[in-house]
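*Asks:* One structure coming up, written as structure tokens, with questions to follow.
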Amino acid sequence: MHPAAEHSPLGKSSEYIATYTPSLLFPIPRAAKWAELGLTAQTLPYQGVDFWNCYELSWLLPSGKPVVAIGEFSIPAESPNIIESKSFKLYLNSLNQTAFATVEQLQTTLEQDLSAAAGKPVGVRIRSLAEIEEEGVAALPGVCIDDLDISVSSYDRPQPELLCCDDSRVVAESVHSHLLKSNCPVTSQPDWGSVVVEYRGAALDHASLLAYIVSFRQHSDFHEQCVERIFLDLQRLLKPEKLTVYARYVRRGGLDINPYRSTETLDVDNRRLARQ
């Protein structure tokens, strides 16, 4: 467990405060998890963003009438801190009985509070339900590898040694799997996700990638660090010209977390998948 997470509200009984309380936000430094991967803030081999989508965003108009919307938050992958998920939920719940004169006032408040917690500017979009309905459900790009026949004997830790590639062939492709699962390092609750890998480099053996993804099944770590580990393991193996790893996790507590890591300029579709 991350030392800072021990002091967070995650996994503990919490009072649900219904009026605006920004102090509920609990930042967790990324540095310790970066260090586990041999990284520092100065040596990150990727660009990226963590998309958080909130499906339980509600506040009051000055008249007292409630409003509901979908909140989309983009936290830079290089920010000093992640925001612990339960504290994020408690903070958003504290808006429920708080009046805002305009949507713009709410957006500015969210931007200021979340940016202060993350240590970098956080993007905020407040979207109507009609807008989200019109978008529909997205599908991941490329080939789904989930029907490949593999044998699995261990789930306790990520196993990069399972990965293999054909160095004699250079390919550009996108592949994805819906079999990503890891566990919350604080509560041990399951985190279900889908992951897409896009790259140009030595031809990756698809069955080995699927076995590697499944090896995360009993691994305990935060969503962001799981994606960074996958990115680094593939980068070491493939030595690719380009590499992107993007995971979209199933929501819990009204929030889903979607980490994106890439060697390329950010170009991300934040539309929800079928399980989200």
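For all residues, glycine too, the Cβ spot is worked out from N, Cα and C.
I grabbed these lines from Swiss-Prot:
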- CYS184: active site, thioimide intermediate (ACT_SITE)
- ASP191: active site, proton donor (ACT_SITE)
- ILE83, GLU84, SER85, HIS223, GLU224: substrate binding site (BINDING)
- SER85, LYS86, ARG252, GLY253: NADPH binding site (BINDING)
*Asks:* In whole Å, how far does the CA atom of SER85 (substrate binding site) lie from that of ASP191 (active site, proton donor)?
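*Replies:* With distance taken Cα to Cα, ASP191 (active site, proton donor) is 12 Å from SER85 (substrate binding site).
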*Asks:* Cα of ASP191 (active site, proton donor) to Cα of CYS184 (active site, thioimide intermediate): how many Å, rounded?
*Replies:* 7
*Asks:* Starting from the Cβ centroid of ILE83, GLU84, SER85, HIS223, GLU224, which together make up the recorded substrate site, report each further residue of the same chain whose Cβ lies within 8 Å of that point, ordered by sequence.
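*Replies:* Counting only non-site residues, the set is ILE28, ASP50, TRP52, ILE82, PHE88, PHE222, ILE257.
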*Asks:* Just to be sure I understand the packing, how many Cβ atoms besides its own are within 10 Å of the Cβ of LYS86 (NADPH binding site)?
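*Replies:* Total other Cβ atoms inside 10 Å, all chains included: 22.
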*Asks:* Looking only at HIS223, ARG252, the binding-site residues on record, which one has the least crowded Cβ, with the fewest other Cβ atoms within 10 Å?
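*Replies:* Ranked by other Cβ atoms within 10 Å, the binding-site residues HIS223, ARG252 bottom out at ARG252.
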*Asks:* Can you tell me how far the Cα of ILE83 (substrate binding site) sits from the Cα of the residue listed as 'active site, thioimide intermediate', in Å?
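*Replies:* Spelling it out, the Cα of ILE83 (substrate binding site) and the Cα of the residue listed as 'active site, thioimide intermediate' are 14 Å apart.
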*Asks:* Provide, as an integer number of angstrom, the distance between the C-alpha atoms of GLU224 (substrate binding site) and ARG252 (NADPH binding site).
*Replies:* 15
